[in-house]
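K.L.:
Let me give you the structure first, and then I'll get to my questions.
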Amino acid sequence: MSLPSRQTAIIVNPPPPEYINTKKNGRLTNQLQYLQKVVLKDLWKHSFSWPFQRPVDAVKLQLPDYYTIIKNPMDLNTIKKRLENKYYAKASECIEDFNTMFSNCYLYNKPGDDIVLMAQALEKLFMQKLSQMPQEEQVVGVKERIKKGTQQNIAVSSAKEKSSPSATEKVFKQQEIPSVFPKTSISPLNVVQGASVNSSSQTAAQVTKGVKRKADTTTPATSAVKASSEFSPTFTEKSVALPPIKENMPKNVLPDSQQQYNVVKTVKVTEQLRHCSEILKEMLAKKHFSYAWPFYNPVDVNALGLHNYYDVVKNPMDLGTIKEKMDNQEYKDAYKFAADVRLMFMNCYKYNPPDHEVVTMARMLQDVFETHFSKIPIEPVESMPLCYIKTDITETTGRENTNEASSEGNSSDDSEDERVKRLAKLQEQLKAVHQQLQVLSQVPFRKLNKKKEKSKKEKKKEKVNNSNENPRKMCEQMRLKEKSKRNQPKKRKQQFIGLKSEDEDNAKPMNYDEKRQLSLNINKLPGDKLGRVVHIIQSREPSLSNSNPDEIEIDFETLKASTLRELEKYVSACLRKRPLKPPAKKIMMSKEELHSQKKQELEKRLLDVNNQLNSRKRQTKSDKTQPSKAVENVSRLSESSSSSSSSSESESSSSDLSSSDSSDSESEMFPKFTEVKPNDSPSKENVKKMKNECIPPEGRTGVTQIGYCVQDTTSANTTLVHQTTPSHVMPPNHHQLAFNYQELEHLQTVKNISPLQILPPSGDSEQLSNGITVMHPSGDSDTTMLESECQAPVQKDIKIKNADSWKSLGKPVKPSGVMKSSDELFNQFRKAAIEKEVKARTQELIRKHLEQNTKELKASQENQRDLGNGLTVESFSNKIQNKCSGEEQKEHQQSSEAQDKSKLWLLKDRDLARQKEQERRRREAMVGTIDMTLQSDIMTMFENNFD
């Protein structure tokens, strides 16, 4: 065809490929039907398919060398006609035509051309549709007879073809038939002999011209020759042996092997065989074409001149035959498939010398096969489905009956029947075993479901009961449950693992503060309780179940929410047990009994305190060391009142305090406080409180200063504003009112009175600078002068009786403040603040007047007194002030140091928590990453050691 066109310099298109099967062995299978209706239809509709919809027009496109390079042209229109006329006997032939079309495009054109990109897009769509094709190829219908009209048309057309001048066709056929010889002579198989010299020289020249043209434009010559050798029409036509059409043949005529083939065809394809088909597709892929092409088709002995091939190789094998057997499902398992592939390679190694090029190709392809075959999963026998066994049993028993009827006298048929019977028995046994396994596997699931339902019902009942019980009883139940859980055997614990998953789903996740508090609480636990903590974590966290309980690292971020909640319950229960430590008898007591016992204890303590106070009152003048013990008793009283946990208990204790001996308690409550001696060095706390509360002006005696202290405290607790009283109006035993301020504050906290109500006024710090004066006999004139000045603002209804004054002091200690609401407390606090401001103003006025008077007194006294009369009031007050300020500074330093230490501990805890969080995040980030530098270092070390 192309030789005369080159000689005359005229480009002539060859006739299109044939689409009518002259051998009449075409079939219509489900896979071919899918290729026609789905694959071809979608490819035809694609926007890039227009260059492939008809044969290449070399005349129109001015491609004189196209048909010299492309020996087997193909297009979508030819494939469509072949599918319509049932040209193909199986789907693999049609798929081969599609691949030929794409390969022709890649072979002739450059890699970056537009037509190549269009072909790649079409091929991608083709492979996607091909993956959805049915796995098993089955004949759809019986072969239809060709109508007479069509036969006549075919005969007329064939007659026309014969009568027409067919010079070009003859030349094309002559070139087509011997084209195998030069191709194989150029290929690595240098074993061709006995070919005709003329035809080989002509075709060799033709191929070399095409190769030169191809080398100038697209790719090297070797790839062109190899690709053209694959798709030569004579090579494929001679090598492909179509399977016989078994539909038209009766079953009784077929031999035993073909009957066996029919039995296997109905069996489902296993997972291993699917992997084998994928391996076969991989070996036939284009990326392995350079070393796999000699094994695509059977060895053509006549074309290659290998007359002794079948003498050496007894069982020839190739990839085309293996693919055909795989399509026909002749392989029962993956090992038979592997045996055929290895047989193909062994034949190559056996016939060719070791240094031959084909042997190296075979080794490369075998490496590909072995690597993929080693990755096939191993299928257990029990994994076969029941439907597979049932179909096999029915088919084999049916064939057994037919075989018995058809082969009564033949010994070969008898052996076949025995084999089928054994197979049926084995499959029945396998079915029975499989059913037993299913029954056994379903039994524990039912038991677990029943246990789950029972446990759910029990949980609901427990919740209803627990809602009505006391919290102490709930704690007892928790303890009993924990003991029972410890005593349970391991098997019982394993059964409850399924129930924990429900708790895990319902558990509320913890925030950062809760986790931090939980870690602090765990650190507070004693050593004997930590074992239970480790047990809870290991039982609920499978990742930590195998860890060493003696040395375990716990990251709260990795623990489940249910585990954290369980730990929180256990730790809180343990911490509740530790401070209480109640005896066994008191556990079962009710609230009323507990309240009654506490009341009795408080009453006893109050009686003891009252008795001691009475004794202290008698002995105050004689013995001055006793009041310190009374202070201790008062502190015991305050501790007993503050130890009551609930509000009802505090009410009962306060009511007892107020109700017992109204006259005695009011008259004896405050005489119990100690007398302040001028020469005694006050303690740090007393100095601090007196600094904040006692506000004496200059020149006043110790008696008036004590009156200031008492009136400040009473005005802070009550709504009445009491001004300072003169010294001659004070009761005779009011010098005992210089009490310990700390104990008063403690009593007020016991009575739940807000601590803001007992704060000193704002002007106290300024008034402290005046100091505390000491009583001396020369101060009579001072007191008389102060009386006249202080009487004007103090003219209010103040009774002088002792009982009334003590009642006014005892009022703020009453428990009425406990029952007040928050609004009343706020109003009371506001009133107290207003009264403090008014009082501060009045005191400021009094202080100014006193300062003026003291200045005048100092001026007169300096003139009258001598320099050696001793220390003045001012110098003594300055000394006391210096002492107080020094002690206050020490206290301030100690408190600041304690605060700094607590802040440092908090900062350390925060830093530790922050570092742990950063470390955890870093570990999480490093889990999914690969350290390439580390990998490279390992590789270099390995190479150095290897060398």
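Cβ from N, Cα, C; glycine included.
Model, not experiment: these values are computed from the prediction.
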K.L.:
Which one of these stretches, 209-220, 389-400, 593-604, shows up in Swiss-Prot as motif 'Nuclear localization signal'?
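P.N.:
Here Swiss-Prot associates motif 'Nuclear localization signal' with the stretch 209-220.
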K.L.:
Given a separation of at least six residues and a C-beta threshold under 8 Å, show me what packs close to Asp114 (site 'Histone H4K5ac binding') in the same chain.
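P.N.:
Result: none.
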K.L.:
State the three-class DSSP label for Asn109 (JQ1 binding site), counting H, G and I as helix, E and B as strand, and everything else as coil.
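P.N.:
SS state of Asn109 (JQ1 binding site) = coil.
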K.L.:
By a simple count, how many Cβ atoms lie within 10 Å of the Cβ of Asn109 (JQ1 binding site), its own Cβ left out?
P.N.:
17
K.L.:
Can you give the mean pLDDT for the coiled coil (417-470), rounded to a whole number?
P.N.:
64
